[in-house]
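Undergrad: The structure is given below, and queries will be raised subsequently.
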Amino acid sequence: MKVLGLETSCDETGLAIFDSEQINSENKGLLGQVLYSQIELHALYGGVVPELASRDHIRKLVPLFNELLAQCNISKDEIDAIAYTKGPGLIGALMTGALFGRSLAYGLDIPAIGIHHMEGHLLAPLMGLNPPAFPFVSLLVSGGHTLLIAAHGIGQYEILGESIDDAAGECFDKAAKMLGLPYPGGPNIAKLAENGNPNAYSLPRPMLHRGLDFSFSGMKTAVHNLIKDTDGSGNGSDSDPQVRADIAASFQHAVVDTLVKKCVKALKQVDMSRLVIAGGVSANSHLRETLERELAKINATVHYAPPALCTDNGAMIAYAGYERLQAGQSDDLAVSCVPRWPMTELPAV
């Protein structure tokens, strides 16, 4: 089964084709993928502008689709099914992918299915060289979500903890903006932190010892106050370069410390030994190194998506779609998107 995956939930236009007949090959069934990022467009505004995101998806979907077909050396008539991101995300952005996918499926007379964006991230590590077996605990950490989930199977998800305010990735973006760094914040803070001392400043770890939920808004406020205290203006771009690097390193260390300790606590609470980490923030090298070190102490293993599948992409949607389509699930012709969609509402496979 060749499944076309479409991802348009935010500011990346991602398309990919997954072929189940090649799942045991080196590429794990991924025939090809194309990705267009709107980072440069939104960097001018310091964050994603929903209307601009939607327009850019519309502009890029058809050219990217044609590029993907050429890359995979197939025709559109060889596609057996289509999976598109149904939610959560920006409603306008979601609608562009959903309408393109549903219309193409109708024209080709093939099934289509809407996929939960975060389920795509959760299942992406299954396309890696060392795929985890169920059950496992998953940390889904991105610009819009921070979730700890006990995954007992596809569609069998138990929410263990989540952010009660800002997501970790969102906190990275806002801290970066305060430090005068461009969007997206995560990679730029990580780069600046390489030259900083992670122990230079003590930042709070909100809710660290209160269950498995997260809170990052207090950490964001602490960074703002720290910048104001160190340079007097509150404008991080005017700070001494070493001070900025130390603040970035201390902030990153505080976020990572919080995430790692919650993961360890979650594994112990549900008596599991496998952790899957996915989402854009999962690419952070300091987070990966700290997780591997701390999980080794409790004889637990950590699994990641392949590097190209950490951020938003069409491959994870194609694979999640394949798993659900082969179980007999599909959607009717009505196009509907869900900007807010709890993972616990998903049907089991």
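Including glycine, each Cβ sits where the backbone N, Cα and C put it.
Among the features that Swiss-Prot reports, Fe cation binding site is placed at H117, H121, D312, with the record citing sequence analysis. Sequence annotations record features per position, and here Swiss-Prot assigns substrate binding site to L140, V141, S142, G143, G144, D173, G186, N284 based on sequence analysis.
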Undergrad: Compute the mean position of the Cβ atoms of H117, H121, D312, which form the recorded Fe cation site, and then list in sequence order the other residues of that chain whose Cβ is within 8 Å of it.
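TA: These residues sit around the Fe cation site: E7, S9, T85, M118, G120, S142, G279, N313, M316, I317.
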Undergrad: In sequence order, what residues of the same chain, 6+ apart, have a Cβ less than 8 Å from the Cβ of L140 (substrate binding site)?
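TA: In sequence order, the residues whose Cβ lies under 8 Å from that of L140 (substrate binding site) (at least 6 apart) are M118, H121, L122, T146, L147, I149, A278, G279.
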Undergrad: Quick one: Cα separation, D173 (substrate binding site) versus D312 (Fe cation binding site), in Å?
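TA: Between the alpha carbons of D173 (substrate binding site) and D312 (Fe cation binding site) there are 16 Å.
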Undergrad: Return the count of C-beta atoms lying within 10 angstroms of the C-beta of D312 (Fe cation binding site), excluding that atom itself.
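TA: Result for D312 (Fe cation binding site): 26 neighbouring Cβ atoms inside 10 Å.
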Undergrad: Among the binding-site residues listed here (G144, G186), identify the one with the smallest other-Cβ count within 10 Å.
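TA: Result for the binding-site residues G144, G186: minimum number of other Cβ atoms within 10 Å at G144.
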Undergrad: Quick one: pull the CA-CA distance for G186 (substrate binding site) versus D312 (Fe cation binding site), whole Å only.
TA: 14
